[in-house]
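Colleague: Before we start, here is the structure in question, set down as structure tokens.
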Amino acid sequence: MRVPVATKSHHYEVLLGHRFLTEAIQTYADQLNKADKFFVFTDAHVWEAQGDYFKANFPYDFEVFILPGGEACKTFEQYYAAQTFLLEQKCSRKSFVFAFGGGAVGDLTGFVAATYMRGIPFIQIPTTILAHDSAVGGKTAINHPLGKNMIGAFYQPEGVIYDTVFSETLPVREIRSGTAELIKHAMISDSAWLEELMAADSVMHFNQQELAMQLKKGIEVKAKIVAEDETEQSVRKFLNLGHTYGHAIEAAAGYGKVAHGEAVMIGLVYCLLLSERYGELNRPFTKAFLQFAVKNGYPFEAVNDYTFEQLTSYLMKDKKTEYGILQFVLLEKIGKPFVRAIDLKECKEVDAEYRELLAEVLV
């Protein structure tokens, strides 16, 4: 399966398949045959689990750079080490870099590619469900202790290869985390799709064909939005549904303690509560959605681990904040997102409602 992504700066495709890595890479033969060197950035966990398959199916010689797993790779230190590695290996503007791993590896690799010699080509080979989202659209970044993804660039890959073979060995928590972004895509685009997900016995056990179709839907939603707004000036903000409150939880906990998708799910419920005040959504739906999330194993304990005051400083660092006012992505109804300025007083009121709802549902 192919999903085209057409932005103002670059056109490319997302290739989806199962056990097709060699075939997919050969799609880029015209570009790759002109390259002088190949570099693969990955993390220790991915390389141990999937390195043999990758080496057996990657048709070129390459040098590998091993990163720590998860958000630990998105630091100044790892960014600097990656640049040093490329310089020492005599990487040139004719070289190609491959991001082989989850969303964090893709974010770091993309930012390295965007800034090394002012830009070298790279291809995303995501290995997690979560990365179906982050690998598409050209957002690259590293973290700062004061905020997630605060240092980065918009830089599109030459392509994205999603081989569902990698999902076969994902831990349950990683599947759950990635599926949260799929659910988010359904919420901003298609009420029937969300109803289908909420009616499923579980969103944790798709077979390979079902997973590929779900990923294709999610990628199509993102591709359409990114084509209209590459640098997040307008509709691309809709993709941040659940991320304002979710990022605050994630940052307060310390990156990696609460999985990104877990934090997004926490944020999605918060946005539903806030949306009740400005659209057609109501408390019974919000409660049903929370129960659906709990049934699928999403943890919400982190909400009660921090006071609203502890979350405030992280909320105010959200990249959508304008002139000191928080901008939340809300839903008029499922499939119809919008952005609204919300003051801290109202945020605190909704935070209190959230804690009350959790006390009711998590009994």
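For all residues, glycine too, the Cβ spot is worked out from N, Cα and C.
Source: prediction; values computed, not measured.
In case it's useful when we look at the structure, here is the feature table from Swiss-Prot:
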type	residues	note
BINDING	GLY103, ALA104, VAL105, GLY106, ASP107, THR127, THR128, LYS139, LYS148, PHE166, SER167, GLU168, THR169	NAD(+) binding site
BINDING	GLU181, HIS243, HIS260	Zn(2+) binding site
Colleague: 10 Å Cβ neighbour count around GLY103 (NAD(+) binding site)?
Modeller: 28
Colleague: Can you give me the Cα-Cα distance between HIS243 (Zn(2+) binding site) and THR128 (NAD(+) binding site) in Å, rounded to a whole number?
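Modeller: The separation of the Cα atoms works out to 19 Å.
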Colleague: Of THR128, SER167, which of the binding-site residues has the most Cβ neighbours inside 10 Å?
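Modeller: When each Cβ's neighbours within 10 Å are tallied, THR128 tops the list.
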Colleague: For GLY103 (NAD(+) binding site), which of the three DSSP-derived states applies: helix, strand, or coil?
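Modeller: GLY103 (NAD(+) binding site) sits in a helix per DSSP.
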Colleague: Using C-alpha atoms only, work out the spacing between ASP107 (NAD(+) binding site) and HIS260 (Zn(2+) binding site) and round it to an integer in Å.
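Modeller: Per the Cα atoms, ASP107 (NAD(+) binding site) and HIS260 (Zn(2+) binding site) stand 13 Å apart.
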Colleague: Neighbours of the Zn(2+) site GLU181, HIS243, HIS260: Cβ within 8 Å of the Cβ centroid, same chain, sequence order.
Modeller: LEU130, ASP133, ALA180, LYS184, GLY242, GLY246, GLY261, ALA263, VAL264, GLY267
Colleague: For THR128 (NAD(+) binding site), what is the secondary structure by DSSP, using just helix, strand and coil?
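Modeller: Once the DSSP labels are grouped into three classes, THR128 (NAD(+) binding site) ends up as coil.
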Colleague: Roughly how many Å separate the Cα of GLY103 (NAD(+) binding site) from that of HIS260 (Zn(2+) binding site), to the nearest whole number?
Modeller: 10
Colleague: For THR169 (NAD(+) binding site), which residues in the same chain are close in space, meaning a Cβ under 8 Å from its Cβ, but six or more apart along the sequence?
Modeller: ALA49, GLN50
Colleague: Can you grab the distance from GLU181 (Zn(2+) binding site) over to SER167 (NAD(+) binding site)? Cα atoms, rounded to a whole Å.
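Modeller: Here the two Cα atoms lie 15 Å apart.
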